[in-house]
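Note sheet for the following structure.
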């Protein structure tokens, strides 16, 4: 080591320059205003592509959209979707059972993307809980109820997102 380098190292160590540089940075951020969001009282805006609680949609005439193609069940990487179907008198298929286990679901959105009739969607609802494991097991009727309740919001989000697809 040269004499200049050893003198420089001595001054850095003796005067604790690294510590002073760190304290300067800490002081600068300490005096800046806080950007913390107080969550239950304040909420940040959500993207139209936010993926929350699932819902099944209906057509305007009240008929459920799901045609029991089972693409969502096949594409689900977590195997959280279970579908059973039967053939109706007119030859079309409809679901008799459509269950989503939210304890398995990873909210990837593949089910929504694979659905050819926009039946299964993920809403902006993220404030839900379950006290027992079975509370997070959503049946067809529960999913349809969520879809019926939030249909206007779902349609608005689909329309806002349509420009980017």
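Including glycine, each Cβ sits where the backbone N, Cα and C put it.
If you check Swiss-Prot, you get these features:
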- 66, 69, 72, 115: [4Fe-4S] cluster 1 binding site (BINDING)
- 76, 105, 108, 111: [4Fe-4S] cluster 2 binding site (BINDING)
- 57-86: domain '4Fe-4S ferredoxin-type 1' (DOMAIN)
- 96-125: domain '4Fe-4S ferredoxin-type 2' (DOMAIN)
Distant-in-sequence neighbours of the domain '4Fe-4S ferredoxin-type 2' (96-125), which means Cβ under 8 A and at least six residues beyond its ends: 46, 50-57, 64-67, 69, 71-72, 74-86, 133, 136-140, 143, 146-147, 150, 153-154, 157-158
Residue among binding-site residues 66, 105, 111 with least C-beta crowding, 10 angstrom cut-off: 105
Protein Cβ atoms within 10 Å of residue 108 ([4Fe-4S] cluster 2 binding site), excluding its own: 15
Secondary structure at residue 72 ([4Fe-4S] cluster 1 binding site), reduced by DSSP to three states: helix
Cα distance (Å, whole number) from residue 111 ([4Fe-4S] cluster 2 binding site) to residue 69 ([4Fe-4S] cluster 1 binding site): 12
Candidate binding-site residues 105, 108, 111, pick with smallest Cα gap to residue 72 ([4Fe-4S] cluster 1 binding site): 111
Collapsed DSSP category at residue 66 ([4Fe-4S] cluster 1 binding site): coil
Winner by Cβ contact number (other Cβ atoms within 10 Å) across the binding-site residues 69, 72, 76: 72
Protein Cβ atoms within 10 Å of residue 115 ([4Fe-4S] cluster 1 binding site), excluding its own: 20
Spatially closest candidate among 76, 105, 108, 111, the listed binding-site residues, to residue 66 ([4Fe-4S] cluster 1 binding site) (Cα to Cα): 111
[4Fe-4S] cluster 1 site, defined by 66, 69, 72, 115: further same-chain residues with Cβ within 8 Å of the Cβ centre: 67, 68, 70, 71, 73, 83, 111, 114, 116, 117, 119, 120
Residue pair residue 105 ([4Fe-4S] cluster 2 binding site), residue 115 ([4Fe-4S] cluster 1 binding site) - Cα distance, angstrom, rounded: 17
[4Fe-4S] cluster 2 site shell beyond 76, 105, 108, 111, criterion: Cβ within 8 Å of Cβ centroid: 72, 75, 77, 78, 80, 81, 100, 106, 107, 109, 110
